[in-house]
Amino acid sequence: MSAELNLPARQPRQESMARFLKSHMRDYGMLISLLAIVAFFQYVTNGTLLQPLNLTNLVLQNSYIVIMALGMLLVIVAGHIDLSVGSIVGFIGALAAILMVQFHWHFIPTAIVSLIAGAAIGAAQGYWVAYFRIPSFIVTLAGMLVFRGLSLALLAGQSVGPFPVEFQRLSSGFIPDPFGPLAGTAGFHLTTLLLCLVTPAVMIGLSVATRIRRHRFAIEQEPLPLFLLKSAGLFAVVAYLGWLLASYKGLPNVLIIMALLVGLYAFVTRDTTIGRRIYALGGNEKAAKLSGIDTRRLSFYTFVNMGVLAALAGLIFAARLNTATPKAGVSFELDVIAACFIGGASASGGVGRVTGAVIGAFIMGVMNNGMSILGIGIDWQQVIKGLVLLAAVCFDVYNKGKA
Amino acid sequence: MDSILEMRGISKTFPGVKALDDVNLSVREGEIHALIGENGAGKSTLMKVLSGVYPQGSFDGEIRFRGQPVAFRGIADSEKLGIIIIHQELALVPLLSITENLFLGNEQARRGVIDWTAATAKARELLRMVGLSDPPDTLITDIGVGKQQLVEIAKALSKQVRLLILDEPTASLNESDSDALLALLLRFKEQGISSILISHKLNEIAKVADRVTILRDGSTVETLDCHDGPISQDRIIKGMVGRDLADRYPKREVRPGEILFEVKGWSADHPIHPGRRVVKDIDLHVRRGEVVGIAGLMGAGRTEFAMSLFGRSWGRNIRGNAYLGGREIDVSTIRRAMDGGLAYATEDRKHYGLVLDNDIRHNVTLANLDGVARRGVIHHEREIEVANDFRRRLRIRCSSVFQETVNLSGGNQQKVVLSKWLFADPQVLILDEPTRGIDVGAKYEIYSIVNQLVAEGRGVILISSELPELLGVADRIYVMNEGAIVAEMPAAEASQEKIMHAIMSSAAGGTATREYLQ
């Protein structure tokens, strides 16, 4: 048939490295930008940025933003937005504080109740968005006001604290070091270093397995040199950071929580049917619906999920400050949303990656931290962060227009 | 006769693809020049070169308009010379009035203040020229697609058009609207306005075109002069696809089995105007291995019927029963309708069928993700295999299954939509205008897929506005008008005249026709 005769001209050519790089420019660009920003601040702060103490702080300061960015990414991919997360952080912090300080609850039931409360808040907002089709911008703007007001009311305008030590460990604690004493490396957190060697090794092992499987299916993938370079880079960076953290107090608890969540959400978005359906919903809601996807329920659940993660962030933030204040979480939503957009999410939905959002959050975090070390005022910090957000999105749009 | 337009040696390359390769096109003063070719042959690209969407410098070759070489930097430049293009997707603002749309960007204003009296008067004049009698302050959203098309043409007239380019103007029009539009082109021709008509409907071209240029795979195949004697459709098809199409509708043995699917007493009301019954008490059945056609004018309620049946995705106050293999099935949600064995491939593939930003692979598996997943975890390699399998079986032309569907031609997009539903493995597949806006070769392939489906013992309901297609593909035809079934006939006994007669003579048919002729 001549229809087939026409095919050879359109057959895919062996994808060269340059072409692969070009089509994945955004992914690599993000990573390279983060590394460049880290290198820049490391240089201008005379090495303060990556000092073990500061590195630990950097992780602690950004953990709650990263955790919320995971939920926000799903919300944005589904074609919505959530402006209320900062207020939820404040409200849940206040709720937990009241339960623990005034009612003397143990921190575990407190945490459970807080997470359930977060889910309920997400459900309440998602209900209006999903089933009544009220724009999420409006619903969550309302939520932003409501929960900020409620946290003020709950705390009666006061700060409430301090918290039990066990609860503080959520944020300020570090993982135990069973291996250190065995090896007799006092002052050096051996377990941390081991974890930071094993984890990337396992990840690389898994991707090698995937590569082999894909190769057997003759599926085109990342060129080998690039893969090797990336794997070696990943290993080196994680091992180096692990070494740095190990020479201070080791891995913060919250970093473990964060890493597990990042892994989980990366998996959900990439490898599960529910993740795929969220992308389809954001890409074309009508087509998704006509393909048998319950788009309303899916939208609803992205908000429930966001509520839970915002509640978790609220707990972590409260634990870090060791007090709940009515102002906790103010303008967090902006950092979280900015992280997603810097990370390549599309404001119209359907596009965005977990790794992107995480890198976006760290770009913001490193800039915050670096500029603070340099003594740049909060005023100019905001100006610079705003411009970076604009530049990142401009780059996206420009890139897309060229493709 | 002088040429109004000469395009010589036009070549245009996109990354990895040569879209146009040394194309020549010459349009004479005051002629209707048809431009035809399969989807992806380069027609739209050529017109974008002509109208300045692709500016001078982004392509090779020379354009002369009325003897002068021209170099357009954008659409504004070409419009200034009177080259107006009307795209397949109309560029009207739905919530603005006809007048506002007519003068959008070209307002009847002095120092920024619009003179509404002058604008309305001029709008009325323009509407009269295209034969529209609606009040100029009617909102675009309140008039049908056919009339919207006329508004677009009126808009072109307001810009002193010399060369009118119409990209598949009749793709979404019913027969009477199409005829009116073609008559309008002929009238323009008398007034000395040349047109380029891009169309897949060969009978229309035979009706109005003076000359025909055929494109294939980005090159000019030939230009035929219709005045040198009648050009047979087969001749044109041969030029387009580079082969003889022995028959435009692939043959198959008809062996309908027992009744597979049945609908009884199906009714639905308009979702926004409750109480307005749009689908009225429909009974129909499909046998195993049977293609059942539903004929009707635009607005007869065919799509509304199909969508209300498919998980109540249209309308409210829906009543009626559906049976598969004699047992009643629950079709109250799309998921349940799919579980019951139904699938519905929409007429509007861009808005309802595809996630355009996603690649072929993701679109193919969307309706049956569980088919490539275990416990909710997607098996990526299996998914790619499935997509590649459909790519091969349905001959989807693409660089790979990782290509975004937004970049595919209409026919290939349609094949992706079909793949999606084939992978969902339905018993009964409802196809709503499956060949709209796609070329002859791809149509043939889609008919072949339909044949294959019924050969496997499934049932197909084919909704189509092209009567020849219904007559060629269906085994039995229901005729719908004003939301009700007004006739049923075996395809072997049906004819275009018989179907139109059934529509016209149905009790309410008279008013429907009058509305269309208004």
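Cβ from N, Cα, C; glycine included.
Per TrEMBL, these features apply:
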- A:28-44: transmembrane segment (TRANSMEM)
- A:64-81: transmembrane segment (TRANSMEM)
- A:88-105: transmembrane segment (TRANSMEM)
- A:111-130: transmembrane segment (TRANSMEM)
- A:137-157: transmembrane segment (TRANSMEM)
- A:186-206: transmembrane segment (TRANSMEM)
- A:227-245: transmembrane segment (TRANSMEM)
- A:251-268: transmembrane segment (TRANSMEM)
- A:298-321: transmembrane segment (TRANSMEM)
- A:336-363: transmembrane segment (TRANSMEM)
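Sequence-distant residue pairs (6 or more apart) of the transmembrane segment (A:88-105) and the transmembrane segment (A:28-44) include fewer than 3 whose Cβ atoms are under 8 Å, leaving the two stretches without contact. Packing against the transmembrane segment (A:251-268) from elsewhere in the chain are residues 56, 59-60, 63, 66-67, 70, 73-74, 169-175, 189, 191-192, 195-196, 199, 242, 245, 274-275, 309, 312, 316, 354-355, 358: each is 6 or more residues past its ends and has a CB under 8 Å from a CB in it.
Here the transmembrane segment (A:64-81) sits against the transmembrane segment (A:336-363); at least 3 CB pairs are under 8 Å, leaving out pairs fewer than 6 apart in sequence. Taking residue pairs at least 6 apart in sequence, the transmembrane segment (A:111-130) and the transmembrane segment (A:298-321) share three or more C-beta contacts under 8 angstroms.
Touching of the transmembrane segment (A:28-44) and the transmembrane segment (A:137-157) is ruled out by the presence of fewer than three CB pairs under 8 A, sequence neighbours closer than 6 excluded.
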